[in-house]
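What follows is a set of notes on a single structure, which appears directly below.
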C-alpha cells in the first residue's frame, strides 16, 4: 500500500524486516521444541539463538540467484550461525514457516485494527449520547419519511460496529493457527509434538488438518470480515456525504483552518474524507474476491495464492486500519446542525406526520382506505404547491375535523410522539 494511506504502526508489520523476523521466530520456536523433545542438542539451539540474524538486502541478493525466498533467507541466516545452522529447518517445508509466520502478521494486524475499532466505538457512542433527542427527518428511498433523531441514526452505526467487533474477535481465533507438518501435512519427517510446542511458544494453535499449507478458507474469512467492516465504514461515509449536500447541510465534515476545497472555487467545503473512505472500501472489497479465489488450490497446494496474498493482505490490513482512524476522527469532529435538521423536517408543512393523521382517523372509525385517500390528497396538494402546508390543509379539511379535535390534530403533528420508545433502543447500546 502507498505511504499516503499507511499508518506507521501497521505499515511496520508489513515490512520485509518484520516478515523476515517472524520467519526467524518460527524457525527458532521449532528448534526450541525439537530440543525440548530431545531431537537436537540444546547447545545448538543456544548457539542458533545467539547468532541468528539476517540482512534483508542480502536475502534479496541471494533470492535473485536461487529464485526462492525461503531458501534465500535460510542461506543468509546460516551465514551468521555457522555449523549449528544444520539444525534449522529440520523436517520443515517452506510453507511451515511462511504460513505460521503469516498468521503472526495477521494476528498482529488484527490487534491494531481492534484497538482502533474500540476508539471508533467510543466516538460514535459519545456523539449518539450528545444527540439522543436531536430531532431530524428520517428518509427512505431518499425521500422524507418520519421524524427520527440524529442519536438514533448513530445508534444504528454503533450497533453495526459492535457486530463488526464480534466478527473480528471470532476471526482472530480462526486465523491464529500455525502448521509445522511437513511437505504435504502428514508429519512424515517431524513429530506432531514439535508443532504443538512451537505453536504454543508463538501464541498459536496447531491447524487441525493442514496440507502443505493452511487451508485458505481461514484467510478468505479474515479478508471477508475486513471487507464487511470497510463496507460499514463506507455506509457511514456515504451518509455523511448525503447529509452534507448544500441543500441539506445537516452535518458537515470538520474543515480545518487553512484547508482549501477547490483550486477554482474558493467557497467549496467538500466531504473529501468521506469520499476517500468510499473509495478505499472498494479496494478492500476487491481483495475479498481475490481471497475467495485463493481457496481452491490444486491438491495439497499450488503457489497461485502467493502473488495475490503478497498484495492483498498488506493492502487490506493497512487500508482497514487507516479507514478506522479516518472514520474515528471524522465522527469525533463532525459538525452537526440541529437548526438545519429542523428546517428540513418542516418542509411542506409537516407531510412527514401523515401516518399519525391516518391512524388517528382510523381510530376514530373512518375506513382505512377512505382515511388514506383523505390524507394523501392533502399531502400531495402540499407537496405539489409552492409553500404548501400539509398541517393547514388537514386543519381545513371538514372530513378530518369532523372526527378529530384541534388538540388531537396538535398531537398528530408533535415530533415527540415519534420519540417515545427511543430510550428502549438506547438502553440496549448504553447510549
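Keep in mind that glycine also has a Cβ here, set from the backbone N, Cα and C atoms.
Remember, predicted model here, so these are calculated numbers, not experimental data.
Features as listed in Swiss-Prot:
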- 141: active site, proton donor/acceptor (ACT_SITE)
- 262: active site, proton donor/acceptor (ACT_SITE)
- 4-5, 67-69, 93-94, 212, 263, 268-270, 307-311: N(6)-(1,2-dicarboxyethyl)-AMP binding site (BINDING)
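Shown on the structure are the features that Swiss-Prot records.
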residue	record	Cβ contacts under 8 Å, 6 or more apart
4	N(6)-(1,2-dicarboxyethyl)-AMP binding site	none
68	N(6)-(1,2-dicarboxyethyl)-AMP binding site	94
141	active site, proton donor/acceptor	none
307	N(6)-(1,2-dicarboxyethyl)-AMP binding site	none
310	N(6)-(1,2-dicarboxyethyl)-AMP binding site	none
Among 94, 268, the one of these binding-site residues whose Cβ has the fewest neighbouring Cβ atoms within 10 Å: 268
